[in-house]
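Chemist: Quick one: the structure is below, questions incoming.
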């Protein structure tokens, strides 16, 4: 009986973990969870540039995704004014997901 309870508990735990991993956050949810939206908005300038303005500036640039992903990870300054963007605690994959979403804004 004890083994059955332990097995049932492990199966329940595995199901919960699988369900949470299966729900991948949208890029916008990722931006919110990483606090990007504290300084940026899609259509209007806040502390940092609007995402649609970033997309327009980098449209057609072949290295834009890699360049912007590094800006997100390491931070940057001087491109959009005097206020620097601090480095962000995101993985390389998360940075690329965010950049693809930003570059898709119109």
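Cβ from N, Cα, C; glycine included.
Quick caveat, the model's predicted, so the values are computed rather than measured.
From TrEMBL, here are the annotated features:
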BINDING   36, 40, 85  heme c binding site
DOMAIN    4-106  domain 'Cytochrome c'
SIGNAL    1-24  signal peptide
Chemist: Return the residue, from the listed binding-site residues 36, 85, with the maximum count of other C-beta atoms within 10 angstroms of its C-beta.
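Modeler: Its Cβ has the most other Cβ atoms within 10 Å: 36.
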Chemist: Counting across all protein chains shown, how many other Cβ atoms sit within 10 Å of the Cβ of residue 40 (heme c binding site)?
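Modeler: I count 20 other Cβ atoms within 10 Å of it.
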Chemist: What three-state class does DSSP give residue 36 (heme c binding site)?
Modeler: helix
Chemist: Note the Cβ centroid of 36, 40, 85, the recorded heme c site, then list each other residue of that chain whose Cβ lies within 8 Å of it, in sequence.
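Modeler: In sequence order, the nearby non-listed residues are 31, 37, 38, 39, 47, 48, 72, 88.
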Chemist: Going by DSSP, is residue 85 (heme c binding site) sitting in a helix, a strand, or coil?
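Modeler: Reduced to three states, the DSSP call for residue 85 (heme c binding site) is strand.
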